[in-house]
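Under the heading transmembrane segment, TrEMBL lists 20-43, 97-117, 124-142, 185-214, 221-254, 274-293, 360-379.
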Amino acid sequence: MADIYYGAYGAGTGRQRPPYVAYVVLLAFLAAAAVMQFLPLVLPIGPMYWDVLVYYDAIGRMNAGQWPVTDFQVPVGPLEYWLTWVNYQLFPDANPILLTQLQWLPITAPVMALILWDASKRSSWAVWGLLLAWVFYTALPFNDTIYNNFAGSDGYGIYNRHGSHLMFLTAATVLFVRSRHLQTALFSVLLVSLALCKITAFAAVGPLLILGLLTRRIHPYVAVATALVCIGFTGVLQLATGVISGYIGNILLLAQENSGTLLPRFLTAMSMRIDVLLPGAILCLVLFWREVISFRRPRDREQRGVIGLLDGDWVWIGLSLFCGLVFETQNTGSHPYFVAWPAILRMMLRPADVFGSARFLIYVVTAFVVVPAVSTIAYKAVRLTALAPTYIHLDEPVLGPIGRVSVKDVYAEQAERMRSFYIKHPEEMIEIAESGALPSFRLFVEHDYQFLLIQEMGRAATAIGKLEASTGEHFRSVLDLDFANPFPFILRRPGTEYVMIGADPSRSIPTPDQKTLRAIAETDLILSPKCPFQRARYEIRELFYKPALADRVTAPLTPCYDVLLKPGSPFLKVLSPSAS
């Protein structure tokens, strides 16, 4: 399968020996990643940081013997949480951001090593172009969009970043791996990983695989063998655990719940990174024009034919950007256009003279495509590194690694001011929630909200410990009526079965069935946060789970948390029921 469009790679770039130096760099990165996870590091909190708490909900449940899909519902693939749990067993003191950001390395690092092995036979520049890009995007826990101008780590969209990285590796396999046996192995691992990580990433990368078949970069034998391996693996997994059928059921249910949101999110995704998509479109147009000029020559038409036309850089780059856009329509932040880098790198490796007089324009426009996302991530990393030492650390040791966050002093002060307001004016907060509005449209991206959320979780956990000690009783299960419920991890006990973790009323909570409502009704400890009592919390309590809460007795646990107890609960001897 020769590279038939615009000629082969430039002269002198081929090599026949394994990329030993690149492997040293790869091993050094893996060693650094392990060291960073061994250390109890504190990182600044960021917008929508509560996403990372969803992983700790899963860890706590899995520590108690519950498993994704079969015992509790998950918003993305179960493999995302299996890997989190395994990584936690290895690095229990890791900062949550680093633990989750790096959890895919046991799969992605060997895949990258094999891609480099095959790519090194044709181009040393390809080896370094792929490796350094992968290390950059894998190592830094930041999305390529900015939601808050203050320095902070991006605890949201983590599984979206993982999906983007798997899509990148899939594109790199299509464009830079030639061995059929190796392609089969890599595609088998990557496609199963994509499907069990985030199904939208699996679907979004599909057009690249189809184009690979059409351009003969993927042999039909490879496609058939990969399909058989994937079907066989998932079949065995289904027979052993039943997780596949449950996962498919979750996908169909969530797709039905979100059927009306695609077009607005498509437009939002386009507008958020128009600085990448617009120069990307211009680059594809320039490359297409060069192809038209080249195709006018009869000799070129005869040599390349239709396959050569489809294998053009403009096709691969344009389709890769489109795949990234499709993936981002269901996300709020990730690395969606990282998937286009293999196609761009392939173009950049060509001899400059194949672009003729347009080469300077092509290189400049390419920079406009690549630099915005890279510079945004680098900017976030540099700024966080510089400012993190000046931030205030949260002091809630009961939270364990969840409490290893810090915040700028003005946000810590703002959190305390707003806490006092929420406590003194609960009626106003309830009225706003009942209207369907939020106290602020940017509430969830503000660092003070996320800091206050985790701080009050720590205080609630401390209060629960004191309550159990004073009564001699023990809550056997726990549910927090909020988006994130890390209390199974914090309190070391099971969470309510069958509910959705990462409970977003607008997107990810399916209408609960009788089994789910029964599990909620049987839960010993149900927590209701009220600093503030905002719209999402109102909808979870009053719209989704209300039938299971009808007989509960509400009592204040802390100024920012109520508990909903069963009638006759021994804890009501200590707690006084509230009027609401």
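Every residue gets a Cβ built from N, Cα and C, even glycine.
Annotations in TrEMBL come from automatic prediction, not curation.
Comparing 97-117, 124-142, 185-214, 360-379 for CB pairs under 8 angstroms to the transmembrane segment (274-293), the maximum falls on 360-379.
Counting same-chain residues at least six beyond the ends of the transmembrane segment (124-142), those with a Cβ under 8 angstroms from any Cβ of the stretch are 9, 13, 15, 19, 22, 25-26, 29, 33, 97-98, 101-102, 105, 108, 112, 115-116, 153-155, 158, 161, 164-165, 168-169, 172, 176, 335, 338, 341-342, 345-346, 348-349, 374, 376-378, 380-381.
For the transmembrane segment (97-117), the partner stretch with the most Cβ pairs below 8 Å, chosen from 20-43, 185-214, 360-379, is 20-43.
The list of residues near the transmembrane segment (360-379) in space but at least 6 beyond its ends in sequence, with Cβ under 8 angstroms from a Cβ of it, reads 136-137, 140, 142-146, 273, 275-276, 279-280, 282-283, 286-287, 290, 335, 337-338, 340-341, 344, 347-348.
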